[in-house]
Amino acid sequence: MTCFSSATPHRHHLLLSSPSTSKSLLRFPSSYLKPSPSLLFHGSSRSLLSCSDGSNNRPPPSGDTVPNNFCIIEGSETVQDFVQMQLQEIQDNIRSRRNKIFLLMEEVRRLRVQQRIKSVKAINEDSELEATEMPEITSSIPFLPNVTPKTLKQLYSTSVALISGIIFFGGLIAPNLELKVGLGGTSYEDFIRSLHLPLQLSQVDPIVASFSGGAVGVISTLMLIEVNNVKQQEKKRCKYCLGTGYLPCARCSASGVCLSIDPITRPRATNQLMQVATTKRCLNCSGAGKVMCPTCLCTGMVTASEHDPRFDPFD
């Protein structure tokens, strides 16, 4: 086997040739291949490295040949030109980055498990844990914080209280106050009498009625918009973990500990007591009581899977 290497200031190309005249081109960054100064030509910036091995004529390794530190987009202002890449090289880069995405998601899952172990201090086994890891929903109402299941109930209570107060004020309090209209201090009833209109109209003040009806309509509309927003966000959540990203551990029944029972090897005629079973931390969930949801990969979103269209937009 004979191999030649031509070094450029940014990348090295290694050409492998075998007796079967099969050739393959591998790319390495400049830090992977440093030629000896004695091999450099004085009149050119390129270096030539040749080696021969007649006993080993194995084909070049097939698979992911992309270096770990290879990055097309290094920053917000630095983007390498990948138009010159060959088809096989593009496929290798896509496969490498897909694997990197799921490895990073697995790292996030393990970090969140450790965070849960160190942050939880006291757990009441009789009552269920609050969904603190439930992702917050952006509110559609301006100047309101993100919506959670707890704040949504508070929003319902506040809206019902406001609507009830407005109706009570417009229907009972305002008619008894004898609100005045105009500059002459004429009451609304006198104003109706002067126009020779039915006296039933004087029982309802149009100003109070319009303000009360408008306020009730605005509050009801905002509540309907918020409820619709919550329903739309719930459709985007994972159907298995309900947006938490975790499922109860089946090995320890979501308790975080499991029994450690060693096999008994004592003879039957012995008078020694049997060893009492002890508990230990569950190795499956690391004591957290929850494991990663395999459907959403700990993200809580229904589209986060291996077949996510964001990963393969042209398939």
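Every residue, even glycine, has its Cβ placed from backbone N, Cα and C.
Copied from Swiss-Prot, the annotated features are:
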TRANSIT   1-16  transit peptide
TRANSMEM  155-175  transmembrane segment
TRANSMEM  207-227  transmembrane segment
ZN_FING   225-307  zinc finger
REPEAT    238-245  repeat 'CXXCXGXG motif'
REPEAT    249-256  repeat 'CXXCXXXG motif'
REPEAT    282-289  repeat 'CXXCXGXG motif'
REPEAT    293-300  repeat 'CXXCXXXG motif'
Per-state residue totals over the repeat 'CXXCXXXG motif' (249-256) - DSSP helix, strand, coil: 0 helix, 0 strand, 8 coil
Within the repeat 'CXXCXXXG motif' (293-300), residues counted as helix, strand or coil by DSSP: 0 helix, 0 strand, 8 coil
Integer average pLDDT (0 to 100) for the repeat 'CXXCXXXG motif' (293-300): 77
DSSP-assigned states of the repeat 'CXXCXGXG motif' (282-289) in counts, ordered helix, strand, coil: 0 helix, 0 strand, 8 coil
The repeat 'CXXCXGXG motif' (238-245) - residue tally per DSSP class, helix then strand then coil: 0 helix, 0 strand, 8 coil
